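Per Swiss-Prot, active site is recorded for ARG161, LYS185, HIS252, ARG255, HIS278, and the stated evidence type is sequence analysis. The active site, O-(3'-phospho-DNA)-tyrosine intermediate annotation in Swiss-Prot covers TYR287. Positions annotated as domain 'Core-binding (CB)' by Swiss-Prot, on the basis of sequence analysis: 2-97. What Swiss-Prot records for 118-300 is domain 'Tyr recombinase', and it gives sequence analysis as the kind of evidence.
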Amino acid sequence: MDELAHQVARFLEFLATQRSASPHTIAAYRNDLNGFSSFVRSERGNTVSTKTVDHLLLRLYLASLNGGLDKQQRAGYAKSSIGRKLAAVRAFFGWLVRTRQLEVNPAELIATPKREQRLPFHLNIDQTVTLIEAPGHTGQEQPTFARDTAILELLYSSGLRVSELTGLAVADLDRAAGMVRVQGKGGKERIVPVGSAALEALEQYLAGRGQLADDAPLFLGCRGARINRRTVAQLVKRWASGIPAFRSISPHTLRHTFATHMLEGGADLRSIQELLGHSSLSTTQKYTHVGLDRLLEVYDKAHPRARETDQQNGESA
């Protein structure tokens, strides 16, 4: 193992032990830093050190992510992927500087490409109801149908990340209070309300599981173990196939739908930020949006001059 690989391993250990990063986050960092390390070795040889990485090498790395200097090479990564990979490299060298193993972060001045501001897809209310009620409209009864309904209800009711949902234990759900305790990113705990429809679905699902220990997983996979992210994604995609004008829908779609419907219902951004577990309000601002028609409706109802103009027009007609 060369010095670069050794330091990458130490950085990943730091993320796990000191920052309480999730396994998913650590895996993403590992993948991005291993890709960077492979590029460095291809340019500087198999035995490389963090001290051999300079601004020029990082510029070459950025060019490779964009598809290479040769225009005949493959198409590059999306801007969002390039930004994530550069952020991983910048964080890695920043850690080396903070731990006094390097004097300067060579990635600090590498500009991150601006991401396209695409609005995430969300469901309207009718589509949401169609999705959530789909398992109950099959005309069949299977144990997984009650589980799937409970999962769909909870994702939409509380805006959970899929990793938060799969990590839930029975004791995390307070059915009497209508609350659920969630372990979010970085091990941060928050308490989130659970709506009555979701509670009812959870009651029906748990009633079929008998006596449960507090530390038992709240949701099980088909083999009786804790449900995983992939299974949740598959069941969401399966039941979403019945939605008119179907498109790719993931568990995260329900999280965004939750935030959008909360905002449209009058919730303020700070409250939505707390419910989603965002550390920064700017993340919530990017995450939520209101359609133009909804904005115009709110404006017409709320702005004094808008109402006054309508009244004047009505009187003159």
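Every residue gets a Cβ built from N, Cα and C, even glycine.
Bear in mind that the values here come from a model prediction, so they are computed numbers and not experimental data.
There are 15 other Cβ atoms within 10 Å of the Cβ belonging to HIS252 (active site). Just so you know, of the active-site residues ARG161, LYS185, ARG255, HIS278, the Cβ with the fewest other Cβ atoms around it within 10 Å is the one at LYS185. Comparing C-alpha positions, HIS252 (active site) sits nearest to ARG161 among the active-site residues ARG161, LYS185, HIS278. Per DSSP, the domain 'Core-binding (CB)' (2-97) is made up of 70 helix, 0 strand, 26 coil.
Looking only at the active-site residues LYS185, ARG255, HIS278, the one with its C-alpha closest to ARG161 (active site) is ARG255.
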